[in-house]
């Protein structure tokens, strides 16, 4: 059996143990076949039934280090009870067996043990056998002690280094004690005094050959030299490998012989250049550092080692030059050590004052030699140092352990670091005041980009951001980043990769590696595909890009500009953007963009403390009326779930955590009470209507918002208070009824808009007359098939029976139906078309929010998936249970595919960024194809609302590009100015983004960054997007304000109306304004913004409109005339585009009756599309409309026609048990009810 191999140990033997259970037996004679004189038979023949125990059992502890007594006495066995003698004999007998002999003996012994029957002997129950890895010879033990063993070798190096320093110190002592004036001569000779003659060319060699040395000093030097000589010879003997000349001609050996042999073989005052031992000391120091690194099993900075070596080299050069010049000048001007040191420093620094110079040629020759050596050695050392410095600049070095223990830092792990990603992270991370003292350590496997390097050299970031080149999969790199001491670790995926699944796999491995290395470090992980999310569910916070992206794009179709709303909420902003702009909409839009989500404990809040014990809607309305804050949700102390708008039945408690939208958090707010509030606090009670503005004003110091506290009183409806008057009609005045007050406690007789709680028999089972008997009945339930693990179950509208896969194909008929185009299906609602490259699992999250249970069945829009590649069966199995969901193969850049999928019957088109185009030779060119295709669709189908996803946010300026539009140029200048002012949302004034027509998923990176400070932001965002459903939590929806609803007048009164009638919480407004701008720069401020009061009769053609000058011109009619004139001027281009589309439709066999030529639109159609913001620059080179989002506007904000209000509606299932069918059927009213005295419900 071959000897087992183990790890080297200081004792020279492996840690392998074998136990033999032997029983008593009669002694037997040595076998003739046993070799080595029967050496193996020295063992007792009582070894009978013999077994091998576990390798880890009965293992004696090894010595912690190799001791010197082990070197002298050999390896001593450890004492043990009842088996000491046997143990010694085993070691003696078996340790030196060769491999072949051991195998032969093992086979022979095994054969004997199988034949003979032995009895047990209790005294010899176990025998421990230890096998040596190294030879157990005296030389090997010496080599192990002096060379191989790290700890003992380190001590030897340290001792050698101390000897060399001692010899140099003794030389300096000898020089200081030596005085040539007392006479110079050999040992026992007559001393003579010598004087230097500068005029003579002869050199007196006696002062150079002989020195004065005290006897005591000489004895010490001889002892040190002897020890050094013996040690050197021993190391030569141990390291000898067959070439003795290689050992003899080594520089270190030659120097050792020069400095030691003369002391041993001579007696007297002969000069010996002992100062050359400084080079041996340098060599010993290098070896000692290497042994030190091996002993502690870690490496220090290579830069530190190289700097240390360079410093030692300079020190040795100066010391050698000083001692050599001083000694040689004994035959000259007899310089002392200090003067020689001064001369060497002046010479090596290339200053050369000339006040001290060598006088004799030997010292001059030494100076020349030292300068040549310095010119050769120092450049090599500096080259190595510069190389290490450059490598350190690339890799980033290490993050200081001391800094990691005293300062806080976070680690950012990325595959490749781009400048946009870096700036987004730094701007968002350091936007919070309490994070200003944090360090950011970037761990990236690639070399630092030039742009990144330039940014990190800015003083603002150079002191707080540290770039380390390394991999998160290597413990050494994680140790360099001090991951175990980090406050958090952000792991971001590379979304520019063509294979996004591979990018997710890399992210998962990084997350696992960090969790394994630093289990207590909080993890913030970004995942691209939802099917990979469950692999990192252990992370503290996870953001799935495709989940959020598709849910946001879906809500954009039913709640316009949801993407802009969410993006503004998750960005940190000061609310100062656009405040210097002359445009009113820019100032208001920029001010409202500063609203963010904050939290506070209700018992500690001045905003909400007074509403303890009252309903949630009561607190939300009065907090908004009094302080201008919007309460959107809360969390119970005993629950981990966040509830958005839990409804009026929820009673607030002091321990609740409130979540609200405001310009800044309450801790940074100063409160300024108005006179009415002071009177109220003094005891003057009374109630009245809401009056006065409540817009918060920013005061010094920065970050503190001073709020005007308004009169929070509310007049009861039956009192004799003032009423909201209607405009006078036909000379007679009338009054509208006042809005009902918001009750402190819920009234079960009036709760929630019941269109969401309606009986299924009314909404689904009873088809309307126009639907006929062909209406398909839907059921409400949870989707039976989820395409990936980890999707949140959502109650949805479902088909009672799954649709066959063949019926999901829109453009091809099957045996179940013969429809081959969207027109044949006869959809009642407009289509929603989604253009994507593949049917990924994230696309499932586009369908679920649009089929949620709270959306009325009659308002469900058909969904058509326009896919470049055919979907697989798993995806079809997941979507076949949803009603009116179809797919077809085609591309968005193909006109035939667009026409076949029914684009002329669509209301919304969503263009998703394709994975194959995300990686381009030039990064920002990844969106080129998408932008051009969307621009083409804008011109072919101007009435279509198109939402586009881009890879890079900076490319959104090319959406709806107008080459000669000076207003777009002004917006570009405004964006640059805001970026220079340090805004994180410089792109917010771009019209496509403000209107919600363009979106980039990179804008949501800040959601992950904000979760470091606000750990609830991901949960709230997912609730708003409908990705998660919590029982009792509300959902995001929208409501359009019509002209009949303008009697409410202001946003504050609308807040009261919604809270009192339907328990809905408004959080913002999507506003569309009509503007006409001149193409000249000086006319940029000219605009037309007026409500469209009246329009011509339906069907009036443009020709009749222009030929009827006596037609009354309404207030905004000049805008319509301008649009129509421009249409006529460009009729040829319109006709060409129209003919192109109609010809393709005829070629495909599609009816052309649905296609509307913009050039032939009637006047009322033009006005309606202007109101909806559909007529963009495809009509002309002027901007007709602009849309923007106002988050939590002030209560005094005036409502305008076509405003779309964002609402958080309470969960209807939370009140289903208490809502009777009779009450549900009587609640579906709108703001403009038939009876003006009962206007208490909203219209969706």
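Cβ coordinates come from backbone N, Cα and C, glycine included.
Automatic prediction, not curation, is the source of TrEMBL annotations.
Listed ranges 302-325, 398-421, 422-445; the one TrEMBL annotates as transmembrane segment is 302-325. In TrEMBL, the annotation region 'Disordered' applies to 1-42, one of the ranges 1-42, 43-84. Feature transmembrane segment, per TrEMBL, maps to range 337-354 of the set 283-300, 337-354, 463-480. The range from 360-382, 498-520, 521-543 that TrEMBL describes as transmembrane segment is residues 360-382. Among the ranges 158-177, 178-197, 558-577, the one that TrEMBL lists as transmembrane segment is 158-177.
Pairs of Cβ atoms less than 8 Å apart link the transmembrane segment (261-282) most often to 158-177, out of 158-177, 337-354, 360-382. Contacts between the transmembrane segment (360-382) and the transmembrane segment (302-325): present, as 3 or more C-beta pairs lie under 8 angstroms, all at sequence separation of six or more.
If you look at the transmembrane segment (302-325), the same-chain residues 6 or more away from its ends with a CB under 8 A from one of its CBs are 168, 171, 175, 273, 275-276, 278-279, 282, 285-286, 289, 335, 337, 340-341, 343-345, 347-348, 358, 363, 366-367, 370, 373-374, 377-378, 381-382, 384-385, 388-389, 392, 397.
Sequence-distant contacts of the transmembrane segment (158-177) (same chain, six or more residues past either end, CB-CB distance under 8 Å): 211-214, 217, 220-221, 224-225, 227-228, 231, 259, 274-275, 277-278, 280-281, 284-285, 288, 319, 323, 326-327, 337.
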